[in-house]
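Annotated features in Swiss-Prot:
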DOMAIN    3-195  domain 'DHFR'
BINDING   Gly117, Gly118, Gly119, Val120, Ile121, Tyr122, Asp123, Leu124  NADP(+) binding site
REGION    275-563  region 'Thymidylate synthase'
BINDING   Arg292, His436, Gln464, Arg465, Ser466, Trp467, Asp468, Asn474, His504, Ile505, Tyr506  dUMP binding site
ACT_SITE  Cys435  active site
Amino acid sequence: MKKFNIIAAINNDSIIGVKEYGTFSMPWPYLKDDMNHFRKITTDTGSIESGVNAIIVGFNTWQTLPSSYRNIRSRFNIVISRDDETDGQFHKYVKTFDEAIEFASSLTNLNEIFVIGGGVIYDLALKHKLLDKLYLTHVGSNYPIDDNVEKVVHFPLTWSKIEKMCDSNFLELDSEISKHDIGKNILLRFQEYSVKKELYWAIEYLKKNTSLDNKGIIGDKGATGSKGYSLEQHDYYSTEYFWNFYEFITRKVFDLFNSSNEISIPSEECPENQYIELVKTIMEKGIVKQTRNSITKSIFGYQLKYDLSKGYPIQTIKRSYPKAIFEELMWMIRGQTDVSILQKKGVHVWDKNSSKDFLSKYNLPYEEGDIGPGYGFQMRYWGAEYTDCKTSYQGQGIDQLNKCIESIQNNPHDRRIMINLWNCSDLDKMALAPCHFCYMFGVDLYEVPTTSGKKGRLNCHLVQRSWDVLLGWNTTTAALLTYLIANHCDLDPGILVHSISDAHIYQSHIDSGAISQLLQRKCRKFPNLVIRNKKEKIDDYEFDDLIIENYYPCPSISAEMIA
């Protein structure tokens with residue numbers, strides 16, 4: 001049978017996966033460089049024509065993989081499962097690890113065999129006589145282990161144990177390449193190891209690091225008592241005895257290696273509890289209403305307040321989407337009203353409210369994907385005559401955003417620094433009247449600028465007429481706008497106040513169980529947001545200019561967007 005390799009990504013605490021609220025996920029945010037590394041290693045078949053790599057994976061891990069991963073011609077997946085399952089074009093089910101290796105070795109045009117997890121499968125692979133190489137990504141991050149976490153999946157070896165194995169010449173580090181994911185501020189180290197002593201390393205390790213020696217290795221205690229064996233009495237590489245003995249001895253070794261050093265983060269009072277209390281208040285005291293687009297449970301008048309110097313208020317009790325929030329905000333900042341611009345960037349929050357059926361329903365004469373003179377148009381071209389989303393309005397109307405920036409820079413104590421999106425004369429031309437309609441800004445100047453050149457802090461008050469509370473983006477969007485303008489004007493982010501008139505939850509979100517899922521959860525510390533540089537114009541910022549550190553949300557909650 002052919003030798004095989006292990007490929008794994010592992011964080012500082014040797015964690016490879018976590019389970020929260022019934023969902024398994026990786027213990028770090030999406031890391032493009034690591035995904036590209038994994039794809040390159042597992043799809044490269046060298047010079048073999050129509051070559052294929054075999055992928056050995058446990059059933060639970062297989063269930064978490066998207067179809068785009070499963071159906072790649074250069075990879076054939078062998079799934080280890082206790083149950084009988086139906087094979088597919090690109091995968092086969094087997095019952096044991098050895099059966100997986102045997103089947104992989106029989107594949108036509110086979111290049112390499114890779115074991116990709118999860119934890120139990122890695123454990124079997126590390127103890128196997130045919131293990132050849134380890135491709136490990138050291139993800140330089142820690143996951144907050146709190147009451148939300150139901151299960152933590154560890155790689156069987158900690159980083160310190162891997163280092164000791166190299167020092168003792170059981171493993172050899174062949175190569176290491178480091179990359180810094182600037183946007184997440186996470187260092188990645190791509191490492192390749194060779195197994196030097198094959199199976200014998202386990203016995204040698206015990207001889208050197210425990211009280212056992214080659215004259216009295218103790219076997220498992222059974223009904224007939226303990227039995228002692230002498231290493232010199234056996235030809236270990238040719239007898240069946242050795243493999244049974246090896247299984248026992250490696251269990252002892254892995255008991256030594258498996259000590260956990262995960263970091264437990266005590267729960268603290270977190271600002272997101274305000275949001276959770278809002279949801280509870282709506283559920284307990286809300287009035288049921290038949291509204292324009294659906295039945296809601298609503299309350300009138302609520303306010304949230306966040307100190308932006310202590311964290312970026314993005315939801316942690318369910319996964320939010322920092323890039324989508326950024327792209328939608330920049331779409332508005334650039335005065336754009338063409339939804340296809342967002343769609344090309346993978347953002348689809350405006351699809352329903354700009355569909356042909358939706359526009360026809362409200363007698364709007366636009367092509368599909370045109371929202372009319374909404375958010376961004378009012379922010380940058382207030383008072384201009386709107387034609388369609390393809391027309392240029394450069395130099396027309398009032399640029400409220402730039403006027404705000406000029407006031408913040410030149411007249412920071414002005415009490416009229418405001419962006420108003422509620423233009424009554426244009427409301428019937430919009431696909432959707434603005435849900436959030438007013439940003440008001442205030443500046444608190446420092447007596448002396450900071451060492452980094454910050455002259456004060458920028459505060460923001462967002463006023464919103466109507467809020468889909470489960471979606472929850474508007475707080476984060478307002479915070480991000482405050483961070484961007486503050487950075488652009490050499491200020492620190494200050495206080496964000498979010499005032500809502502009609503705060504509501506859609507009945508369909510209650511009926512689907514989404515709200516009950518939400519209320520079972522506990523929030524976490526907000527991530528840190530840093531903007532790496534200062535651009536010439538506010539329009540020029542890209543998502544790669546942001547660093548979002550330590551964002552570890554609970555799993556996403558599925559909920560249909562109501563148009």
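Using N, Cα and C of the backbone, Cβ positions are placed for all residues, glycine too.
Distribution of Swiss-Prot features across the structure.
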residue : record               : Cβ contacts under 8 Å, 6 or more apart
Gly117  : NADP(+) binding site : Ala8, Ile16, Gly17, Val57, Gly58, Thr61
Gly118  : NADP(+) binding site : Ile16, Gly17, Val57, Gly58, Asn60, Thr61, Val153
Gly119  : NADP(+) binding site : Ile16, Gly17, Val153, His154, Phe155, Pro156
Val120  : NADP(+) binding site : Gly58
Cys435  : active site          : Gln464, Arg465, Ser466, Trp467, Asp468, Asn474
His504  : dUMP binding site    : Ile282, Gly286, Lys289, Thr291, Thr296, Lys297, Ser298, Ile299, Ser466, Trp467, Asp468, Val469
Tyr506  : dUMP binding site    : Ser294, Ile295, Thr296, Asp468, Leu470, Ile562
Chain-internal residues, separated by at least six, CB under 8 A from Ile121 (NADP(+) binding site):
Ile56, Val57, Gly58, Thr61, Ile80, Phe97, Val115
Can you give the largest Cα to Cα distance in Å, as a whole number, for the residues Arg292, His436, Gln464, Arg465, Ser466, Trp467, Asp468, Asn474, His504, Ile505, Tyr506 that bind dUMP in the record?
20
What's the CA-CA gap between Tyr122 (NADP(+) binding site) and Arg292 (dUMP binding site) in angstrom, rounded?
54
Arg292 (dUMP binding site) - helix vs strand vs coil (DSSP):
coil
Rounded to the nearest angstrom, how far is the Cα of Arg292 (dUMP binding site) from the Cα of Leu124 (NADP(+) binding site)?
58
Expressed to the nearest Å, what is the distance separating Asp123 (NADP(+) binding site) and Arg292 (dUMP binding site) at their Cα atoms?
56
State the count of C-beta atoms found within 10 angstroms of the C-beta of Ser466 (dUMP binding site), not counting that atom itself.
19
What are the other residues, in sequence order, whose C-beta lies within 8 angstroms of the center of the C-beta atoms of Gly117, Gly118, Gly119, Val120, Ile121, Tyr122, Asp123, Leu124 at the NADP(+) site?
Gly58, Val115, Ala125, Pro156
Could you tell me which three-state DSSP class His504 (dUMP binding site) falls into?
strand
Could you please provide the mean pLDDT value for the region 'Thymidylate synthase' (275-563)?
96
